[in-house]
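Here's the structure, in structure tokens; my notes come after.
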Amino acid sequence: MDPAAQAAAEATEEAGRQSTIETWTLYGIGVVVTILRTYARANAVGFRDFRADDYLVWVAILFYTVQSTLAYSVGSVAHGLANNGMPDEKRAALSPNDPEFELRIIGSKIQVAGWATYSALIWLLKLAMLVFYLRLTQGLGRRYRIRIWIGFGLVLATFLGSVCAIFLACIPFHKYWQISPDPGNSCQAAVSLPIVWTSFAANVSTDIYLILIPIPLLWESTLRLAKKIASTIVLGAGIFVLVCATLKSVFVLVDPVNGAELAGKWGTRETFVAVVTTNLPMIFPLVRTWMKSLWPSILHYSKNSKKAYKTSTGLRTIGGGSGDSRR
């Protein structure tokens, strides 16, 4: 084999190995974080008092499992190939009997499945956050909670928009895995601009809205300044999801030919960050309690800190309710 070609093959193999390690490491951490969240909630209110968000995060983990498996399969099964990044001459010259032809078809189908799974996962996590907000704002007037119900409508509308972009951007649908002739950008799922733009716009609009729901309420509350700042950091952690979503989209838009690989990596990181930030408000008091027992001389807690941990939301309800009402 030509030394240059061999070096390129070895570099590709090493990149694939690193990507596999990252994918499954992030997945493992995400599952552990979700388990910690469930433990914290069970310790606080018991399994019988679980709410919808406590179950939604586990439905999301099922999709996270599928998404991580698909991300792994892109490299291990399809060798990073799909129906994008091919000049017309190569498309015409590639025989259906060539193993690469079949790999590109498989890779293209994985990309379509990946977008669908990604959308279900991300929007399930958004729903879980909104349900959590309902408990967090218990005891407040309708004026505050109406913002959350508007959020449910926004999340549902943007989810439908994202799904429609996936299933309607390329018609007929089987062109998503067409190799020759060139099916066009819309039918190359890895770099499809209609899907990328729709998903990005839907993510940005909903994430910003979700971040802005609790922050004003926190700063209008009677919590101490230190607690307001800490709670703002915890509830505003979704900004990191926005960063990952933006980078993922930028790589595709700037480099439609080679950007798909980097976009895929940032997509994996985005879903990981989304899983962690969704569960963070519930595990934060648990981690704080553990830190107190490990470094009691460093961390100072009020006499009521243990009582605060025992609320069902993980954080104190802004409205002063217990968070356990079934209304």
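The backbone N, Cα and C atoms fix where each Cβ goes, and this holds for glycine too.
Remember, TrEMBL labels are computer predictions, not curated facts.
Given the structure is predicted, the values throughout are model-derived calculations rather than measurements.
Per TrEMBL, transmembrane segment is recorded for 24-43, 55-74, 115-136, 148-174, 194-217, 229-251, 271-291. According to TrEMBL, the domain 'Rhodopsin' annotation covers 37-288.
Nonlocal intrachain contacts for the transmembrane segment (115-136), taken as residues 6+ away from its ends with a CB within less than 8 angstroms of a stretch CB, comprise 51-53, 56-57, 59-60, 63-64, 66-67, 70, 145, 148, 151-152, 155, 158-159, 162-163, 166, 189, 195, 199, 203, 206-207, 210, 213-214, 238, 267, 270-271, 274-275, 278, 281-282, 312-313, 315, 317-318, 323.
Among the stretches 24-43, 55-74, 148-174, 194-217, the one making the largest number of Cβ pairs under 8 Å with the transmembrane segment (271-291) is 24-43. Same-chain residues lying 6 or more positions outside the transmembrane segment (194-217) and placing a CB less than 8 Å from one of its CB atoms are 115, 118-119, 122, 126, 129-130, 133, 136-137, 140, 144, 147-148, 151, 154-155, 158-159, 161-162, 164-166, 169, 186, 231-232, 235-236, 238-239, 241-242, 245-246, 249, 252-253, 318. Non-local neighbours of the transmembrane segment (148-174) in the same chain are 112, 115-116, 119, 123, 126-127, 130, 133-134, 137, 183, 186-187, 189, 192, 194-195, 198-199, 202-203, 205-206, 209-210, 213; each lies 6+ residues outside the stretch with a CB under 8 Å from one of its CB atoms.
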